[in-house]
């Protein structure tokens, strides 16, 4: 298989400015076919602009992008025929029913009337919206709207689905419903590019993650690779007494060479380490601790480190 | 993008507007009945010193004013879609881009035609009559719809530029002075000269005066160029508005931020 066919999305050096503000500063990406790819970054990092360029809604000032084999600048129609977009706000007609929404978007993607109706029915069933199908979408809960929105993005079985912050503003239960839907899509072989500010979401859903900050990718890899690349393991000590904190901080600082972190309760001290066994031996030998453990950094720690 | 899809997608979006009216008949009714309320208010409460001819002068004026009110209808629909992200979703679909504005235009014209029909029926009930032939009467309706058609593009453009529902409220407020600073309700000759000049050149006045002429209704008279060339102005104004706002609206829709 040629390189271009293995990749669902290739973006090279994307640039975009809005007046003085540089939203994209040479952003490059490669998303393999069939992957769930997470764009992780704080507000204003350039995630939504990236999705805009890749879905042909935003014209970049520089760089190029190919989505599902079509160039976004030269063949935007080809891109639009192969993608689904689920934006930040549930883009639904609130007056129409759930079913009418799906039929409308199906008709606008040039399905015949009968086909659009059948597809709407399939999707309503799949997303558990059959009971609410004939009620106006304006009365749906946040989670139901999101699911209807997702269904609307799937009408034409897209090759690449873009989800821009799909769970922002959802309660935990609705969030996990959306996660399940994304996993099912991935199992069907759809390439999914999702943006999120939630580390947990990227960690749980994405095969690969690009951390975006200041309009460019600052780190890229699998969640495990990102955690490794940054800091390796951390050693964490739980103390019996607060009086030991100073000793523990000094000790961990010496074995790690970095500034240890102390949690709010003041009994848990941790620091990144390279020599796992040496650090463990030193701590066990010199400190009377409740518990000592080696652990992976959380993605939060990776993220804060990268976007500092 | 073929003409076939332009027509098919325009029709799909027109049907969408019809579904809205079916689901929200109250909203539709308020929109249609509001000009009727204004008609009754002026015909019975505020007729001032005007005589029994007043309803015959007033009805064509209000028909034209209804077309101007349509600007808010278009703008509201456009702003609603833009602020909910529906416009962005349309643009990400492989559909005809022109159909999005086309569907809006067809739906709004149908809506206005219904509004004009109801207002004419109510005008009839209070003594207004078409006193000319069917060809002239149709020409009058044609000029009214032409004004409405031109304001669709202004509404789409302003809606896309504004993007926020609050902006519609300011347009709603600005429509009123435009409505009163015209010949729709009163004789411009009763105004100070400089106001009268503005009122006579108001596009709304041109269409109102032309409709009076073509329906065979009495007018205010007046011997200014604008007053004696109402039909010509009622053609020229909307064409000028279209020439400015149709390309702007299409470009604004197509422009990728």
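Here the Cβ of each residue, glycine as well, is placed from N, Cα and C on the backbone.
A TrEMBL annotation is a machine prediction, not a hand-curated record.
Taken from TrEMBL, the feature domain 'ABC transmembrane type-2' covers B:22-256.
Feature annotation from TrEMBL assigns transmembrane segment to B:26-45 (among others). Beyond its flanks by at least six residues, the transmembrane segment (B:26-45) meets 20, 54-55, 58-59, 62, 65-66, 69, 73, 111, 114-115, 118-119, 122-123, 126, 185 of its own chain at Cβ-Cβ distances under 8 Å.
Sequence annotations record features per position, and here TrEMBL assigns transmembrane segment to B:57-80 (among others). Within the chain, the transmembrane segment (B:57-80) has long-range Cβ neighbours (under 8 A, six or more residues past its boundaries) at 17, 31, 34-35, 38-39, 42-43, 50, 86-87, 104, 107-108, 111-112, 115-116, 119-120, 123, 128, 140, 144-145, 147-148, 151-152, 154-156, 158-160, 162-165, 167-168, 171-172, 175, 178-179, 182-185, 204-205, 207-208, 211-212, 215, 217-220.
The transmembrane segment annotation in TrEMBL covers B:101-126 (among others).
As annotated by TrEMBL, transmembrane segment applies to B:138-160 (among others). Sequence-distant contacts of the transmembrane segment (B:138-160) (same chain, six or more residues past either end, CB-CB distance under 8 Å): 60, 63-64, 67-68, 70-79, 82, 87, 101, 104-105, 108-109, 112-113, 116, 167-168, 171, 203-204, 207, 210-211, 214-215, 231, 234-235, 237-239, 241-242, 245-246, 248-249, 252-253.
Per TrEMBL, transmembrane segment is recorded for B:167-185 (among others).
If you look up TrEMBL, you'll see B:233-251 (among others) marked as transmembrane segment.
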Which residues of the chain, 6 or more past the ends of the transmembrane segment (B:233-251), have a CB below 8 A from one of its CBs? 98, 101, 143, 146-147, 149-151, 153-154, 156-157, 160, 201, 203, 206-207, 209-211, 226
